[in-house]
Amino acid sequence: MECKTLDIVPVFNDGKQTNRFKGSSNLMDTLEDLPSGIGQYEDFHTIDWLRDIARDRMRHRHITKKRQEGCWEKVLSAHDAWSGWVCVLLVGVAAGLCAGIIDIGATWMSDLKEGICKEAFWLNKEQCCWSANDTTYDDEGCSQWNTWSEILGAQTGKKAAAGGYIVKYLLYVLWAVVFAMLASMFVHSFAPYACGSGIPEIKTILSGFIIRGYLGKWTLLTKSVGMMLAVSAGLSLGKEGPFVHVAACCGNIFSYLFPKYGSNEAKKREILSAAAAAGVSVAFGAPIGGVLFSLEEVSYYFPLKTLWRSFFCALAAAFVLRSINPFGNDHLVMFYVEYNEPWYLQELIPFIFLGALGGLYGSFFNKMNIAWCRYRKNSKLGQYPIVEVLGVTLVTAILSYPNKYTRMNTSELIRQLFSRCGAEDKTMLCDYNRNSTSLSSYTSSTVAGDEVYTALWMLFLGLLFKGLITIFTFGIKVPSGLFIPSMAVGAIVGRIVGIGMEQLVVRNHDNPFFQNMCQSKQFCTITPGLYAMVGAAAALGGVTRMTVSLVVIMFELTGGLQYIVPLMLAVMTSKWVGDALGKDGIYDAHIALNGYPYLDSKKEFTHTTIAADVMRPRRNDPPLCVITQDSMTVEEVEAIFRDTSHNGFPVVLSSESQYLVGFVLRRDLMLAIANARKNQEGVVSNSIVYFSSQVPNNPNDPAPLKLRKILDMAPITITDQTPMETVVEMFRKLGLRQTLVTHNGRLLGIITKKDVLRHVAQLGNQDPESILFN
């Protein structure tokens with residue numbers, strides 16, 4: 001069976017409807033009650049935004065009309081109105097609970113690599129020392145905390161010996177490998193979609209793409225457990241990015257409690273956008289930043305009501321996490337700090353310098369990581385994901401343990417780099433030549449001691465290690481985020497630059513250029529922690545190309561309103577430098593690498609091609625496959641299903657005429673015919689399929705199959721001379737799945753989203769075959 005083809009012939013139409021239909025126009029549709037599945041989508045397909053939004057408006061008009069019929073209908077109408085708020089509330093509460101559990105579990109297992117609390121094994125190291133009323137949390141100052149070398153008898157007392165160091169080293173590596181192996185096995189066995197950060201896929205899903213199972217309950221469970229294990233293994237990754245995926249899973253699961261969202265893919269994405277905001281809210285304790293992140297970075301369709309609900313969802317998530325208090329410091333993140341010291345205009349120079357370094361690092365990291373991921377994808381390495389995870393973990397654990405700054409939890413490292421040295425701080429970074437009897441000396445800058453320079457060398461080595469190992473870590477088959485490693489790299493650079501700037505000012509306090517920064521020889525106020533914060537924002541901005549949301553997140557992290565200008569300057573410099581070396585952030589680059597059909601609304605289309613250059617069929621392609629309005633049998637339609645793989649078919653008036661009637665989706669048509677064969681008496685292979693409102697009444701013919709209800713009678717159409725710039729904007733702003741191309745009213749061809757993406761890739765000197773999905 002061959003498809004009906006279109007021959008370009010003149011269409012003669014006197015404007016009058018033919019009188020071939022003598023039957024009643026009031027004949028009931030064969031599918032008066034449409035079967036389940038109509039209007040749904042197959043896996044790895046793009047949704048039709050206009051169609052789904054129109055369906056929701058029809059549903060809303062129906063509820064509004066029924067509201068006048070009685071009290072129960074008014075209750076149903078009220079439930080429909082508040083269901084969106086209830087849904088995002090449940091999502092926010094669930095996201096906060098998941099984040100609290102993950103934070104507590106990850107902290108406990110991270111400390112488990114070094115030892116255990118002998119009185120209460122369920123306490124992490126800090127809580128263990130609290131319970132013993134110890135004032136310090138190092139191995140020597142915490143009486144209740146036992147290292148593994150003490151437990152195994154390789155060390156007596158709290159002073160470490162050579163044998164004890166070796167035992168702790170080996171146990172650290174062993175625990176890291178065990179945790180990583182468990183994380184990779186969980187992902188490989190239960191939910192392969194739980195690997196990575198999930199943000200590239202969330203962006204693609206929110207743009208209208210279907211990935212079945214990516215936001216399911218098994219993915220949620222595996223991602224949550226895998227995050228704890230992967231972070232505890234000491235890998236150079238974070239759990240903050242995957243929080244967006246965890247929250248989106250909660251949003252998807254709870255949306256099915258409300259048919260308004262569960263059965264409508266376009267409406268469901270409003271809940272998923274709010275869930276993404278909640279994910280960032282619990283990751284950084286930044287509800288406003290979470291809303292802006294959802295708006296700026298991941299969401300494709302963000303109406304005003306979604307903004308309000310996203311804010312409410314992020315608020316609920318932050319409140320629940322604050323109630324759980326996972327870190328015991330009344331803050332939502334481990335590295336919360338507060339600054340009060342001023343900054344000076346002269347410091348804008350190093351701030352701009354940090355922004356430029358962040359852009360350079362982001363561009364370097366993105367290119368190297370994408371190159372490595374492409375190699376993994378195209379080589380035998382990709383066939384052994386667990387072996388790769390174990391190899392990366394082994395190298396990371398062996399090289400990170402000797403350096404205290406790479407051995408410690410990355411969030412704890414960032415906390416130390418952000419912090420200001422106070423009287424209670426005895427770390428190497430705070431070894432300044434101060435007057436210990438004067439508290440005012442701790443609020444001013446002074447000459448650094450020897451341990452500060454030792455710490456700088458260790459930080460420099462840690463910078464090289466983390467900067468390189470993260471390239472190979474991000475993308476392995478465990479849950480892995482990029483926010484914290486990027487911030488750590490930037491914070492290290494920032495702290496080094498900050499200490500350098502501090503010592504420069506202290507040693508040249510009489511220089512007129514620095515005169516306003518020093519009130520006296522003993523009182524200069526330079527805060528190296530501020531430089532670490534600016535550097536962290538610059539590095540993260542260079543990698544992800546975030547701007548507004550990143551500045552707000554950093555502001556909410558620190559509580560320092562006066563530091564918005566340095567943050568804005570560094571982040572914008574980072575973006576400018578990064579964009580000059582490569583336009584795509586890391587998430588957009590991974591979307592392109594995986595071939596997802598994501599049409600970026602931030603990029604401009606500046607070429608002069610027209611629709612006729614892109615539409616199908618082209619010169620050497622098979623003819624356009626169409627279905628006639630009232631002359632094809634069920635058997636002929638089913639033959640089209642067997643012979644083609646198209647996702648939809650234009651419906652025309654007849655094979656001789658190219659007059660367009662509408663468009664029908666393949667899935668809907670297949671379900672409708674299968675349902676009619678099963679439930680409708682008299683429907684056989686010779687039954688005529690009708691997409692018209694009138695059916696001829698001939699008792700000698702088989703029962704007709706009337707499918708007008710599944711026909712889209714108002715498909716979006718363009719002419720063959722429409723500029724592709726206009727077509728691309730239509731696909732972006734209307735969320736089209738396809739558009740039909742006409743010439744003088746006659747159907748010529750079709751342009752799908754995949755055709756547009758391949759055309760954009762081809763004009764960008766990229767491989768158009770890299771677009772893998774529809």
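Just so you know, the numbers here start at 1 and follow the chain as drawn.
Quick reminder: no glycine exception, Cβ is built from N, Cα and C everywhere.
Some features that TrEMBL has for this protein:
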type     : residues : note
TRANSMEM : 82-102   : transmembrane segment
TRANSMEM : 169-194  : transmembrane segment
TRANSMEM : 243-259  : transmembrane segment
TRANSMEM : 271-295  : transmembrane segment
TRANSMEM : 344-364  : transmembrane segment
TRANSMEM : 384-401  : transmembrane segment
TRANSMEM : 455-476  : transmembrane segment
TRANSMEM : 482-501  : transmembrane segment
TRANSMEM : 522-540  : transmembrane segment
TRANSMEM : 546-565  : transmembrane segment
DOMAIN   : 615-681  : domain 'CBS'
DOMAIN   : 711-769  : domain 'CBS'
Per Cβ pairs under 8 Å, the stretch of 82-102, 169-194, 271-295, 455-476, 482-501 packing most closely against the transmembrane segment (384-401): 169-194
Other parts of the chain folded back onto the transmembrane segment (344-364), taken as Cβ under 8 Å at six or more residues beyond its ends: 467, 486, 489-490, 493-494, 497-498, 501, 513-514, 516-517, 526, 531, 534-535, 537-545, 566, 569-582, 585-586
Surrounding residues of the transmembrane segment (243-259) on its own chain - C-beta under 8 Å, 6+ positions past either end: 83-84, 86-87, 90-91, 94-95, 98-99, 102, 194, 197-199, 201-202, 205, 215-217, 219-220, 223-224, 227, 268, 271-272, 274-276, 278-280, 282-283, 298, 317, 479, 481
Residues in the domain 'CBS' (615-681) grouped by DSSP into helix, strand and remaining coil: 24 helix, 18 strand, 25 coil
Predicted model, mean pLDDT over the domain 'CBS' (711-769): 88
